[in-house]
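Asks: For reference, Swiss-Prot lists these features for the protein:
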type	residues	note
BINDING	128, 129, 130, 131, 132, 133, 134	ATP binding site
(Lines of atoms letter the chains of each structure in order from A and count residues from 1; the text may use other names and numbers.)
(Lines give C-alpha, C1' and ligand atoms only; values in the text may rest on other atoms or scores of the structure.)
Protein backbone atom coordinates (compact mmCIF):
# COMPACT_ATOMS: atom_id res chain seq x y z
CA UNK A 1 0.00 0.00 0.00
CA UNK A 2 1.05 3.59 -0.69
CA UNK A 3 0.35 5.42 2.56
CA UNK A 4 -0.92 9.01 2.27
CA UNK A 5 0.69 11.01 5.09
CA UNK A 6 0.17 14.63 4.04
CA UNK A 7 -3.31 14.76 5.62
CA UNK A 8 -2.02 13.51 8.98
CA UNK A 9 -4.13 14.96 11.80
CA UNK A 10 -6.57 16.54 9.33
CA UNK A 11 -10.18 15.69 8.62
CA UNK A 12 -10.91 14.36 5.15
CA UNK A 13 -14.24 13.47 3.53
CA UNK A 14 -14.28 10.50 1.20
CA UNK A 15 -17.20 9.61 -1.07
CA UNK A 16 -17.48 6.39 -3.05
CA UNK A 17 -16.79 3.06 -1.38
CA UNK A 18 -16.10 0.70 -4.23
CA UNK A 19 -12.81 -1.18 -4.40
CA UNK A 20 -10.67 1.90 -5.06
CA UNK A 21 -12.59 4.00 -2.52
CA UNK A 22 -11.99 1.47 0.24
CA UNK A 23 -8.31 1.27 -0.69
CA UNK A 24 -8.04 5.06 -0.67
CA UNK A 25 -9.64 5.26 2.77
CA UNK A 26 -7.16 2.72 4.14
CA UNK A 27 -4.22 4.61 2.61
CA UNK A 28 -5.40 7.87 4.21
CA UNK A 29 -6.06 6.26 7.59
CA UNK A 30 -2.64 4.55 7.58
CA UNK A 31 -1.10 7.99 7.03
CA UNK A 32 -2.89 9.47 10.04
CA UNK A 33 -5.84 11.24 8.41
CA UNK A 34 -9.19 11.54 10.18
CA UNK A 35 -11.42 10.03 7.48
CA UNK A 36 -15.20 10.18 7.26
CA UNK A 37 -16.46 8.05 4.37
CA UNK A 38 -19.84 7.60 2.74
CA UNK A 39 -21.59 6.12 -0.28
CA UNK A 40 -25.14 6.34 -1.59
CA UNK A 41 -25.02 2.56 -1.98
CA UNK A 42 -25.62 0.79 1.37
CA UNK A 43 -23.37 -2.11 0.32
CA UNK A 44 -20.42 0.30 0.13
CA UNK A 45 -21.13 1.58 3.63
CA UNK A 46 -21.37 -1.99 4.91
CA UNK A 47 -18.02 -2.80 3.29
CA UNK A 48 -16.47 0.21 5.04
CA UNK A 49 -17.77 -0.95 8.42
CA UNK A 50 -16.30 -4.43 7.80
CA UNK A 51 -12.89 -2.82 7.20
CA UNK A 52 -13.19 -0.52 10.26
CA UNK A 53 -13.39 2.59 8.09
CA UNK A 54 -15.45 5.35 9.78
CA UNK A 55 -18.61 5.74 7.69
CA UNK A 56 -21.18 8.44 8.40
CA UNK A 57 -23.67 10.24 6.19
CA UNK A 58 -21.75 13.24 4.87
CA UNK A 59 -24.97 15.19 4.38
CA UNK A 60 -25.06 15.74 8.14
CA UNK A 61 -21.38 16.47 8.79
CA UNK A 62 -19.91 19.89 9.54
CA UNK A 63 -18.09 20.59 6.27
CA UNK A 64 -16.09 23.48 7.72
CA UNK A 65 -14.00 20.84 9.50
CA UNK A 66 -12.90 19.09 6.29
CA UNK A 67 -9.80 20.07 4.30
CA UNK A 68 -10.58 17.96 1.22
CA UNK A 69 -13.12 15.72 -0.48
CA UNK A 70 -11.66 12.57 -2.01
CA UNK A 71 -14.12 11.58 -4.71
CA UNK A 72 -14.59 8.32 -6.60
CA UNK A 73 -14.25 8.88 -10.37
CA UNK A 74 -17.71 7.44 -11.03
CA UNK A 75 -19.44 10.29 -9.16
CA UNK A 76 -20.70 13.19 -11.34
CA UNK A 77 -18.46 16.22 -10.87
CA UNK A 78 -20.17 18.59 -13.31
CA UNK A 79 -22.57 16.90 -15.75
CA UNK A 80 -25.41 16.13 -16.00
CA UNK A 81 -25.39 17.90 -12.63
CA UNK A 82 -22.97 17.82 -9.70
CA UNK A 83 -23.61 15.18 -7.08
CA UNK A 84 -24.81 16.60 -3.76
CA UNK A 85 -21.47 15.77 -2.13
CA UNK A 86 -19.68 17.89 -4.76
CA UNK A 87 -22.01 20.80 -3.97
CA UNK A 88 -21.23 20.41 -0.26
CA UNK A 89 -17.48 20.51 -0.90
CA UNK A 90 -17.72 23.53 -3.19
CA UNK A 91 -19.82 25.41 -0.66
CA UNK A 92 -17.13 24.67 1.94
CA UNK A 93 -14.45 25.84 -0.54
CA UNK A 94 -12.31 22.72 -0.16
CA UNK A 95 -10.42 20.86 -2.86
CA UNK A 96 -12.03 17.91 -4.66
CA UNK A 97 -9.53 15.31 -5.82
CA UNK A 98 -9.23 11.58 -6.51
CA UNK A 99 -6.86 8.71 -5.80
CA UNK A 100 -4.63 9.45 -8.82
CA UNK A 101 -3.95 12.92 -7.39
CA UNK A 102 -3.09 11.38 -4.01
CA UNK A 103 -0.63 9.07 -5.78
CA UNK A 104 0.92 12.00 -7.68
CA UNK A 105 1.41 14.08 -4.53
CA UNK A 106 2.81 11.14 -2.57
CA UNK A 107 5.29 10.39 -5.36
CA UNK A 108 6.35 14.05 -5.58
CA UNK A 109 6.92 14.09 -1.82
CA UNK A 110 9.01 10.91 -2.06
CA UNK A 111 11.17 12.35 -4.87
CA UNK A 112 11.76 15.57 -2.91
CA UNK A 113 12.44 13.77 0.37
CA UNK A 114 15.22 11.62 -1.10
CA UNK A 115 16.54 14.04 -3.71
CA UNK A 116 15.50 11.85 -6.63
CA UNK A 117 14.58 13.11 -10.09
CA UNK A 118 11.49 12.21 -12.11
CA UNK A 119 13.26 9.44 -14.05
CA UNK A 120 14.39 7.69 -10.86
CA UNK A 121 10.82 6.49 -10.20
CA UNK A 122 9.20 6.56 -13.66
CA UNK A 123 5.46 7.17 -13.82
CA UNK A 124 3.83 6.28 -17.14
CA UNK A 125 0.23 7.48 -17.53
CA UNK A 126 -1.93 6.07 -20.33
CA UNK A 127 -5.25 7.34 -21.63
CA UNK A 128 -7.47 7.33 -24.71
CA UNK A 129 -11.02 6.39 -25.62
CA UNK A 130 -10.13 2.81 -26.55
CA UNK A 131 -7.15 0.50 -26.15
CA UNK A 132 -5.69 1.97 -22.97
CA UNK A 133 -6.07 -1.21 -20.91
CA UNK A 134 -4.28 -3.31 -23.53
CA UNK A 135 -1.45 -0.79 -23.86
CA UNK A 136 -1.12 -0.62 -20.07
CA UNK A 137 -1.04 -4.41 -19.70
CA UNK A 138 1.31 -4.90 -22.66
CA UNK A 139 3.81 -2.31 -21.43
CA UNK A 140 3.82 -3.76 -17.91
CA UNK A 141 4.26 -7.25 -19.38
CA UNK A 142 7.26 -6.21 -21.49
CA UNK A 143 8.92 -4.52 -18.52
CA UNK A 144 8.37 -7.60 -16.35
CA UNK A 145 9.76 -9.88 -19.07
CA UNK A 146 12.93 -7.78 -19.14
CA UNK A 147 13.32 -8.02 -15.37
CA UNK A 148 12.20 -4.55 -14.29
CA UNK A 149 10.38 -3.78 -11.04
CA UNK A 150 6.99 -2.67 -12.35
CA UNK A 151 3.65 -1.82 -10.74
CA UNK A 152 0.48 -1.64 -12.85
CA UNK A 153 -2.80 -0.09 -11.73
CA UNK A 154 -5.40 2.63 -12.04
CA UNK A 155 -8.42 2.32 -14.29
CA UNK A 156 -7.29 -1.14 -15.43
CA UNK A 157 -8.74 -2.53 -12.20
CA UNK A 158 -6.05 -2.43 -9.51
CA UNK A 159 -6.59 0.52 -7.18
CA UNK A 160 -3.54 2.75 -7.51
CA UNK A 161 -2.96 3.14 -3.77
CA UNK A 162 -2.80 -0.65 -3.28
CA UNK A 163 0.41 -0.73 -5.33
CA UNK A 164 3.78 -1.23 -3.65
CA UNK A 165 5.35 1.89 -2.09
CA UNK A 166 7.86 4.04 -3.93
CA UNK A 167 11.46 2.90 -4.23
CA UNK A 168 14.15 3.97 -6.67
CA UNK A 169 13.86 2.36 -10.14
CA UNK A 170 10.35 1.01 -9.51
CA UNK A 171 8.24 1.81 -12.60
CA UNK A 172 4.54 2.68 -12.29
CA UNK A 173 2.35 1.99 -15.33
CA UNK A 174 -1.03 3.61 -14.73
CA UNK A 175 -4.19 3.64 -16.85
CA UNK A 176 -6.19 6.86 -16.42
CA UNK A 177 -9.81 7.47 -17.38
CA UNK A 178 -11.09 10.95 -18.21
CA UNK A 179 -12.93 10.98 -14.87
CA UNK A 180 -9.72 10.23 -12.98
CA UNK A 181 -7.81 12.92 -14.89
CA UNK A 182 -10.51 15.46 -13.96
CA UNK A 183 -9.72 14.73 -10.31
CA UNK A 184 -5.92 14.94 -10.70
CA UNK A 185 -4.96 18.61 -11.20
CA UNK A 186 -1.25 17.96 -10.47
CA UNK A 187 -0.92 15.11 -12.98
CA UNK A 188 2.58 15.34 -14.47
CA UNK A 189 3.75 11.88 -15.53
CA UNK A 190 7.24 11.05 -16.69
CA UNK A 191 5.68 9.77 -19.92
CA UNK A 192 2.11 10.38 -21.07
CA UNK A 193 0.40 8.33 -23.79
CA UNK A 194 -2.75 9.38 -25.67
CA UNK A 195 -4.06 6.61 -27.92
CA UNK A 196 -7.15 8.07 -29.57
CA UNK A 197 -10.10 10.41 -29.07
CA UNK A 198 -13.65 9.66 -30.16
CA UNK A 199 -16.92 10.79 -28.54
CA UNK A 200 -17.54 8.90 -25.27
CA UNK A 201 -18.91 9.71 -21.81
CA UNK A 202 -20.54 12.86 -23.23
CA UNK A 203 -23.27 12.53 -20.59
CA UNK A 204 -20.59 13.10 -17.92
CA UNK A 205 -18.45 15.71 -19.70
CA UNK A 206 -21.22 17.76 -21.33
CA UNK A 207 -19.54 17.95 -24.74
CA UNK A 208 -16.83 16.31 -26.82
CA UNK A 209 -14.69 19.43 -26.35
CA UNK A 210 -14.80 19.03 -22.55
CA UNK A 211 -13.96 15.32 -22.90
CA UNK A 212 -10.96 16.13 -25.13
CA UNK A 213 -9.79 18.76 -22.67
CA UNK A 214 -9.78 16.21 -19.84
CA UNK A 215 -7.61 13.83 -21.84
CA UNK A 216 -5.37 16.70 -22.96
CA UNK A 217 -4.39 17.45 -19.37
CA UNK A 218 -2.55 14.13 -19.12
CA UNK A 219 -0.21 14.74 -22.06
CA UNK A 220 0.33 18.48 -21.49
CA UNK A 221 1.66 17.72 -18.01
CA UNK A 222 3.98 14.93 -19.18
CA UNK A 223 7.74 15.37 -19.47
CA UNK A 224 7.53 13.26 -22.66
CA UNK A 225 4.30 12.62 -24.56
CA UNK A 226 3.35 10.22 -27.33
CA UNK A 227 0.14 10.97 -29.22
CA UNK A 228 -1.53 8.89 -31.91
CA UNK A 229 -2.23 11.01 -34.98
CA UNK A 230 -4.81 8.71 -36.58
CA UNK A 231 -7.91 10.69 -35.61
CA UNK A 232 -8.77 14.34 -36.15
CA UNK A 233 -8.94 15.36 -32.48
CA UNK A 234 -5.55 13.83 -31.68
CA UNK A 235 -3.99 15.42 -34.77
CA UNK A 236 -5.13 18.85 -33.59
CA UNK A 237 -3.83 18.19 -30.09
CA UNK A 238 -0.48 16.90 -31.36
CA UNK A 239 0.08 20.01 -33.50
CA UNK A 240 -0.96 22.25 -30.59
CA UNK A 241 1.48 20.64 -28.16
CA UNK A 242 4.26 20.73 -30.74
CA UNK A 243 3.61 24.45 -31.32
CA UNK A 244 3.65 25.10 -27.56
CA UNK A 245 7.07 23.50 -27.23
CA UNK A 246 6.09 20.28 -25.46
CA UNK A 247 8.29 17.22 -25.89
CA UNK A 248 5.83 15.21 -27.98
CA UNK A 249 6.19 12.55 -30.68
CA UNK A 250 3.67 11.17 -33.17
CA UNK A 251 2.52 7.56 -33.35
CA UNK A 252 0.53 6.14 -36.27
CA UNK A 253 -0.81 2.71 -37.10
CA UNK A 254 -1.87 3.96 -40.54
CA UNK A 255 0.87 6.04 -42.17
CA UNK A 256 4.54 7.04 -42.13
CA UNK A 257 5.61 9.83 -39.75
CA UNK A 258 8.75 11.95 -40.08
CA UNK A 259 9.61 11.73 -36.39
CA UNK A 260 8.02 9.15 -34.14
CA UNK A 261 6.66 5.65 -34.55
CA UNK A 262 4.49 3.97 -37.16
CA UNK A 263 3.23 0.61 -38.41
CA UNK A 264 3.47 -0.78 -41.92
CA UNK A 265 1.10 -3.72 -41.72
CA UNK A 266 2.45 -5.92 -38.93
CA UNK A 267 5.90 -4.32 -38.96
CA UNK A 268 6.64 -1.61 -36.41
CA UNK A 269 9.17 1.18 -36.94
CA UNK A 270 10.72 4.12 -35.15
CA UNK A 271 11.61 7.13 -37.32
CA UNK A 272 14.11 9.90 -36.63
CA UNK A 273 14.44 12.69 -39.19
CA UNK A 274 12.92 10.49 -41.86
CA UNK A 275 15.20 7.49 -41.24
CA UNK A 276 13.41 4.40 -40.00
CA UNK A 277 14.47 1.53 -37.78
CA UNK A 278 12.48 -1.69 -37.49
CA UNK A 279 11.42 -2.50 -33.93
CA UNK A 280 9.30 -5.65 -34.22
CA UNK A 281 7.00 -7.72 -36.43
CA UNK A 282 3.64 -8.82 -35.00
CA UNK A 283 2.76 -11.19 -37.87
CA UNK A 284 2.76 -14.40 -35.84
CA UNK A 285 1.33 -12.97 -32.61
CA UNK A 286 -2.33 -13.99 -32.16
CA UNK A 287 -2.87 -11.83 -29.06
CA UNK A 288 -1.69 -8.75 -30.99
CA UNK A 289 -3.78 -9.30 -34.10
CA UNK A 290 -5.21 -6.23 -35.86
CA UNK A 291 -4.08 -2.67 -36.56
CA UNK A 292 -5.34 -1.45 -33.18
CA UNK A 293 -2.86 -3.79 -31.50
CA UNK A 294 -0.12 -2.45 -33.75
CA UNK A 295 -0.90 0.93 -32.19
CA UNK A 296 -0.86 -0.53 -28.68
CA UNK A 297 2.52 -2.18 -29.33
CA UNK A 298 3.93 1.01 -30.88
CA UNK A 299 2.95 2.98 -27.79
CA UNK A 300 4.59 0.40 -25.52
CA UNK A 301 7.79 0.32 -27.60
CA UNK A 302 7.90 4.13 -27.80
CA UNK A 303 7.73 4.24 -24.00
CA UNK A 304 10.57 1.74 -23.65
CA UNK A 305 12.68 3.83 -26.02
CA UNK A 306 11.94 6.97 -23.96
CA UNK A 307 13.03 5.06 -20.85
CA UNK A 308 16.23 4.10 -22.73
CA UNK A 309 15.35 0.42 -22.41
CA UNK A 310 16.43 -1.92 -25.22
CA UNK A 311 16.37 -5.70 -25.53
CA UNK A 312 17.46 -7.94 -28.44
CA UNK A 313 14.63 -10.35 -27.63
CA UNK A 314 11.76 -7.86 -28.05
CA UNK A 315 9.86 -10.04 -30.56
CA UNK A 316 9.98 -12.92 -28.08
CA UNK A 317 8.68 -10.70 -25.27
CA UNK A 318 5.85 -9.39 -27.46
CA UNK A 319 4.92 -12.92 -28.52
CA UNK A 320 4.64 -14.02 -24.88
CA UNK A 321 1.84 -11.50 -24.23
CA UNK A 322 -1.46 -13.36 -23.79
CA UNK A 323 -3.88 -10.46 -24.09
CA UNK A 324 -6.57 -9.13 -21.76
CA UNK A 325 -9.71 -10.88 -20.67
CA UNK A 326 -12.77 -9.60 -22.54
CA UNK A 327 -10.69 -7.90 -25.25
CA UNK A 328 -10.59 -9.98 -28.45
CA UNK A 329 -10.09 -12.97 -26.16
CA UNK A 330 -10.18 -16.36 -27.88
CA UNK A 331 -12.44 -18.47 -25.69
CA UNK A 332 -12.77 -21.68 -27.67
CA UNK A 333 -12.28 -23.27 -31.07
CA UNK A 334 -14.76 -25.82 -32.40
CA UNK A 335 -13.64 -27.14 -35.78
CA UNK A 336 -12.99 -24.06 -37.91
CA UNK A 337 -15.08 -21.80 -35.64
CA UNK A 338 -13.39 -19.36 -33.26
CA UNK A 339 -15.39 -17.94 -30.35
CA UNK A 340 -14.11 -14.46 -29.49
CA UNK A 341 -15.05 -12.55 -26.32
CA UNK A 342 -14.79 -8.79 -26.93
CA UNK A 343 -17.16 -7.74 -24.15
CA UNK A 344 -14.95 -4.75 -23.30
CA UNK A 345 -16.11 -3.14 -26.56
CA UNK A 346 -18.66 -0.81 -24.97
CA UNK A 347 -18.99 1.52 -27.97
CA UNK A 348 -18.79 1.30 -31.75
CA UNK A 349 -15.21 2.54 -31.92
CA UNK A 350 -14.13 -0.21 -29.52
CA UNK A 351 -15.83 -2.86 -31.69
CA UNK A 352 -14.19 -1.63 -34.90
CA UNK A 353 -10.79 -3.32 -34.30
CA UNK A 354 -12.35 -6.77 -33.86
CA UNK A 355 -14.54 -6.35 -36.93
CA UNK A 356 -11.44 -5.25 -38.85
CA UNK A 357 -9.36 -8.20 -37.63
CA UNK A 358 -11.70 -11.03 -38.70
CA UNK A 359 -13.75 -12.24 -41.67
CA UNK A 360 -16.80 -14.54 -41.91
CA UNK A 361 -18.20 -13.00 -38.75
CA UNK A 362 -21.30 -14.16 -36.89
CA UNK A 363 -21.70 -11.05 -34.76
CA UNK A 364 -23.40 -10.89 -31.36
CA UNK A 365 -24.11 -7.21 -30.75
CA UNK A 366 -26.28 -5.04 -28.52
CA UNK A 367 -26.89 -3.84 -24.99
CA UNK A 368 -27.34 -0.26 -23.86
CA UNK A 369 -26.45 1.78 -26.94
CA UNK A 370 -24.09 4.74 -26.87
CA UNK A 371 -24.67 7.90 -28.91
CA UNK A 372 -24.74 7.17 -32.71
CA UNK A 373 -25.06 3.43 -32.08
CA UNK A 374 -23.35 1.30 -34.74
CA UNK A 375 -23.72 3.67 -37.70
CA UNK A 376 -19.94 4.19 -37.84
CA UNK A 377 -19.43 0.43 -38.32
CA UNK A 378 -21.17 0.23 -41.71
CA UNK A 379 -17.79 -0.04 -43.42
CA UNK A 380 -17.42 -3.52 -41.87
CA UNK A 381 -20.87 -4.82 -42.80
CA UNK A 382 -19.51 -6.72 -45.82
CA UNK A 383 -17.52 -8.95 -43.42
CA UNK A 384 -20.56 -10.06 -41.43
CA UNK A 385 -22.42 -13.25 -42.33
CA UNK A 386 -25.17 -12.70 -39.75
CA UNK A 387 -25.85 -10.69 -36.59
CA UNK A 388 -27.60 -11.66 -33.36
CA UNK A 389 -29.14 -8.64 -31.68
CA UNK A 390 -29.47 -8.51 -27.90
CA UNK A 391 -30.54 -6.08 -25.21
CA UNK A 392 -32.17 -2.67 -25.30
CA UNK A 393 -30.46 -1.68 -28.56
CA UNK A 394 -31.84 -4.61 -30.59
CA UNK A 395 -34.59 -2.72 -32.41
CA UNK A 396 -32.42 0.35 -33.06
CA UNK A 397 -29.61 -1.79 -34.50
CA UNK A 398 -32.06 -3.77 -36.63
CA UNK A 399 -33.04 -0.49 -38.25
CA UNK A 400 -29.41 0.41 -38.96
CA UNK A 401 -28.62 -3.02 -40.43
CA UNK A 402 -31.74 -3.12 -42.60
CA UNK A 403 -31.08 -5.48 -45.50
CA UNK A 404 -27.26 -5.26 -45.32
CA UNK A 405 -27.04 -8.82 -43.97
CA UNK A 406 -29.31 -11.31 -42.15
CA UNK A 407 -29.95 -10.82 -38.45
CA UNK A 408 -31.83 -12.49 -35.62
CA UNK A 409 -33.61 -10.76 -32.75
CA UNK A 410 -32.00 -13.01 -30.14
CA UNK A 411 -32.65 -10.53 -27.28
CA UNK A 412 -30.60 -12.47 -24.69
CA UNK A 413 -26.94 -13.40 -24.79
CA UNK A 414 -27.67 -17.06 -24.12
CA UNK A 415 -30.02 -17.25 -27.11
CA UNK A 416 -27.50 -15.42 -29.28
CA UNK A 417 -24.63 -17.79 -28.44
CA UNK A 418 -26.68 -20.87 -29.30
CA UNK A 419 -28.06 -19.41 -32.53
CA UNK A 420 -24.69 -18.11 -33.67
CA UNK A 421 -22.94 -21.40 -32.90
CA UNK A 422 -25.43 -23.39 -34.98
CA UNK A 423 -25.15 -21.01 -37.94
CA UNK A 424 -21.36 -20.71 -37.74
CA UNK A 425 -20.82 -24.47 -37.68
CA UNK A 426 -22.66 -24.69 -41.01
CA UNK A 427 -20.30 -22.17 -42.64
CA UNK A 428 -17.69 -23.84 -44.88
CA UNK A 429 -15.09 -21.03 -44.79
CA UNK A 430 -11.54 -21.83 -43.62
CA UNK A 431 -11.86 -19.60 -40.54
CA UNK A 432 -15.24 -18.64 -39.08
CA UNK A 433 -15.71 -16.36 -36.08
CA UNK A 434 -18.51 -16.05 -33.55
CA UNK A 435 -17.68 -12.57 -32.34
CA UNK A 436 -19.22 -11.14 -29.20
CA UNK A 437 -18.38 -7.48 -29.61
CA UNK A 438 -21.47 -5.68 -28.29
CA UNK A 439 -20.57 -2.05 -29.16
CA UNK A 440 -22.75 -1.12 -26.17
CA UNK A 441 -22.66 -0.64 -22.43
CA UNK A 442 -23.75 -3.65 -20.40
CA UNK A 443 -26.05 -2.05 -17.85
CA UNK A 444 -29.37 -3.06 -19.41
CA UNK A 445 -28.75 -6.76 -18.67
CA UNK A 446 -25.46 -7.06 -16.76
CA UNK A 447 -23.66 -5.36 -13.88
CA UNK A 448 -20.61 -4.54 -16.02
CA UNK A 449 -18.72 -5.70 -19.10
CA UNK A 450 -16.71 -8.24 -17.06
CA UNK A 451 -19.84 -10.03 -15.84
CA UNK A 452 -21.20 -9.90 -19.39
CA UNK A 453 -17.99 -11.38 -20.76
CA UNK A 454 -17.94 -14.17 -18.18
CA UNK A 455 -21.53 -15.01 -19.11
CA UNK A 456 -20.50 -15.31 -22.77
CA UNK A 457 -17.59 -17.58 -21.85
CA UNK A 458 -19.88 -19.76 -19.74
CA UNK A 459 -22.45 -20.13 -22.53
CA UNK A 460 -19.72 -20.96 -25.06
CA UNK A 461 -18.09 -23.57 -22.82
CA UNK A 462 -21.48 -25.26 -22.37
CA UNK A 463 -21.81 -25.82 -26.12
CA UNK A 464 -21.56 -29.47 -27.11
CA UNK A 465 -19.26 -30.59 -29.92
CA UNK A 466 -21.21 -31.84 -32.94
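Glycine is no exception: its Cβ is also placed from the backbone N, Cα and C atoms.
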Asks: When the number of other CB atoms within 10 A of each residue's CB is tallied over all shown chains, which of the binding-site residues 129, 130, 133, 134 has the maximum?
Replies: 134
Asks: Cβ within 8 angstroms of the Cβ centroid of 128, 129, 130, 131, 132, 133, 134: which residues besides those meet this for the ATP site?
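Replies: After dropping the recorded site residues, what remains is 126, 135, 195, 196, 296, 350.
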Asks: If you count CB neighbours within 10 Å, which one among the binding-site residues 128, 131 has the smallest count?
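Replies: Output over binding-site residues 128, 131: least Cβ neighbours within 10 Å is 131.
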Asks: Just how many other Cβ atoms lie inside 10 Å of the Cβ on residue 132 (ATP binding site)?
Replies: 24
